[in-house]
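Structure first, commentary second.
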Amino acid sequence: MTDAAYYLKIISTFSVLLPILSGIGFGMQKVKPYPLFLAFLFFGFLIDLTGWYMYVTNNTQGNWFFRYAYSLVEPIFYFWWIGYFSQSKVVVKLTKIFMLLSFLFWLLIIFYQPAFSSYYIFTEVSLAFFAGFLVLEIVEGKKEKSLPLSFWIVFGIFFYNFCTFFVKGLLNTQIATDLWFIQNVVNIMTNLIFALGFWMGRLNRSFLKTSLLEKFRLNNNWHF
């Protein structure tokens, strides 16, 4: 790993602190489900730090274990999040189905590790599709001038999965070699989108009121 790649990776790892710190004020209001999203981001941060430790200590097996575990947590959480906010009963049901399919696909990797890349493609394409649909749903259904926090988070999910799938499509090509830094840049930009959403939510004091989409969650199947 070159010095440039090393430092960019570090910036990418710690960039998640931006949305976490920006969202603390919002999350402390105990408005579901945003504290869970902050906890999810912090969990991912801990996984990244663990990965760095495994890298420094040359613990390949340990690094694989944590990477493998997080590869299930991330898509499952994102599918749940999308289903939580969608007003479409079809989308809610489909996200549940895709959560199950992701889990079964994930189990397959235990016995056939080469399927890891196919698993990532499956989850990234699926999440990009569902998140893109929900982004349009939120925009079309909003009644206020400003976009709700849920929009920014779902848009970040769409951006991350769409761009990650695109970048991985360039693997083993000269373009991928020349643009090695893109994945880290995508991660940084995604965290900036999340941070922007939390920050605008704080500026607009949107945590003092509940948007129409957030009220609807009380009537769908993802309510706690």
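Note: Cβ is positioned from N, Cα and C throughout, glycine not excepted.
No curator has checked TrEMBL annotations; they are predicted automatically.
As annotated by TrEMBL, transmembrane segment applies to 6-27, 34-56, 68-85, 97-113, 119-139, 146-167, 179-199.
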Beyond the flanks of the transmembrane segment (6-27) by at least 6 residues, Cβ under 8 Å: 34-35, 37-38, 41-42, 44-45, 48-49, 52, 149, 181, 184-185, 187-188, 191-192, 194-195, 197-199, 201-202, 206-207
Long-range environment of the transmembrane segment (146-167) - Cβ separation under 8 angstroms, sequence gap at least 6: 26, 34, 37, 78, 81-82, 85, 120-121, 123-125, 127-128, 131-132, 134-135, 138-139, 176, 179, 182-183, 186-187, 189-191, 193-194, 196-198, 200-201, 204, 206, 211, 213-214
Tertiary contacts of the transmembrane segment (68-85) (same chain, 6+ residues out, Cβ under 8 Å): 33, 37, 40, 43-44, 47, 91-92, 95-96, 98-99, 102-103, 106, 109, 116, 119-120, 123, 126-127, 130-131, 134, 138, 150, 153-154, 157, 161, 213-214, 217, 220-222
